[in-house]
Amino acid sequence: MTVLITGGTGFIGSHTAVSLVQSGYDAVILDNLCNSSAAVLPRLRQITGRNIPFYQGDIRDCQILRQIFSEHEIESVIHFAGLKAVGESVAEPTKYYGNNVYGSLVLAEEMARAGVLKIVFSSSATVYGDAEKVPYTEDMRPGDTANPYGASKAMVERMLTDIQKADPRWSVILLRYFNPIGAHESGLIGEQPNGVPNNLLPYICQVASGRLPQLSVFGGDYPTPDGTGMRDYIHVMDLAEGHIAAMKAKGGVAGVHLFNLGSGRAYSVLEIIRAFEAASGLHIPYRIQPRRAGDLACSYADPSHTKQQTGWETKRGLQQMMEDSWRWVSRNPGRYGD
């Protein structure tokens with residue numbers, strides 16, 4: 001079975017490519033490299049022993065999609081491609097709706113044209129909006145998303161759901177991620193965003209590597225045990241394996257299938273800092289800053305439905321997330337290819 005991975009050279013996409021190949025699938029990658037590097041490709045070959053076909057292009061380009069579908073017998077698509085910086089989405093909403101929503105529409109149209117009616121969509125827990133009831137369960141209605149990034153994910157979920165209702169042959173799997181961190185245990189691939197990081201751990205890693213003098217912790221007065229915000233963190237390889245489990249369980253079943261991918265436990269910012277210090281042997285200086293508007297005190301998944309339906313659950317704990325992250329950062333102080 002051959003699977004097209006859009007955004008396959010990115011953080012989650014590259015780890016999912018590894019998991020796919022190691023699970024016996026053939027993979028094809030499409031990526032425009034706007035937030036990743038083609039230098040990941042030889043590293044994927046080193047890990048998997050396979051040359052994964054790669055196309056540099058945009059999901060909004062119907063011609064390159066038609067080329068891929070004509071040159072490969074694609075049976076399913078795992079769709080990661082999209083922009084994901086919350087702050088940038090507020091400043092440039094049209095960019096996000098154009099890439100994330102319109103791009104997904106073009107992809108769905110070309111899939112239908114090619115007779116490929118199985119898609120796994122990389123959604124996000126941001127679609128739950130500012131819901132304060134935790135844990136988050138799949139039967140909770142999407143909330144008022146706080147930014148265009150989250151809104152774009154909710155729109156694509158709705159669009160794919162409507163497409164499946166109109167053509168019941170489709171299998172649509174919607175995966176709502178929580179906070180992926182960690183790296184492949186080899187230290188060959190990991191998170192290396194272009195520009196400003198969007199997540200906590202890359203900032204911690206920049207402090208550890210000396211690129212930042214200290215970490216800013218936004219909010220020290222939340223109603224949590226240590227006053228800092230708490231989030232559900234998941235190892236990126238557990239997340240990658242969740243895609244395979246969902247595809248195996250529901251990829252051949254028509255309908256819309258919605259799953260949370262999280263650990264079911266929340267860790268505070270200070271817990272993450274302490275765990276990273278233990279893994280690296282380094283001190284991470286930090287300063288408590290005022291809360292950011294829209295940030296919640298605590299959010300985490302209820303992954304029980306996912307386990308019941310697919311058999312998937314997380315296997316890697318917080319310490320392994322930190323150890324793998326530190327191995328990645330310490331072995332790759334520059335950028336891919338530097």
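Cβ coordinates are placed from backbone N, Cα and C, and glycine is handled just like the others.
What Swiss-Prot records for Tyr149 is active site, proton acceptor. Within 10 Å of the C-beta of Tyr149 (active site, proton acceptor) we count 23 further C-beta atoms, all protein chains included. Reduced to three states, the DSSP call for Tyr149 (active site, proton acceptor) is helix.
Annotated NAD(+) binding site per Swiss-Prot: 11-12, 31-36, 58-59, 80-84, Asn99, Ser124, Tyr149, Lys153, Phe178, in sequence order. The Cβ of Lys153 (NAD(+) binding site) has 28 other Cβ atoms within 10 Å, all protein chains considered.
Asn179 (substrate binding site): 22 other CB atoms within 10 A of its CB, across all protein chains. The substrate binding site annotation in Swiss-Prot covers Ser124, Tyr149, Asn179, Asn199, Leu200, Ser216, Val217, Phe218, Arg231, Arg292, Ala293, Gly294, Asp295 and rests on similarity to another entry.
Cβ neighbours of Ile59 (NAD(+) binding site) (same chain, under 8 Å, six or more residues apart in sequence): Thr6, Leu30, Asn32, Leu65, His79, Ala81, Gly103, Ser104, Val106, Leu107.
Cα-Cα distance from Asn35 (NAD(+) binding site) to Tyr149 (active site, proton acceptor): 15 Å (rounded to the nearest whole number). Fewest Cβ neighbours within 10 Å among the binding-site residues Val217, Ala293: that distinction goes to Ala293. Take the binding-site residues Phe11, Asn32, Gly82: by the count of other Cβ atoms within 10 Å of each Cβ, the lowest one is Asn32.
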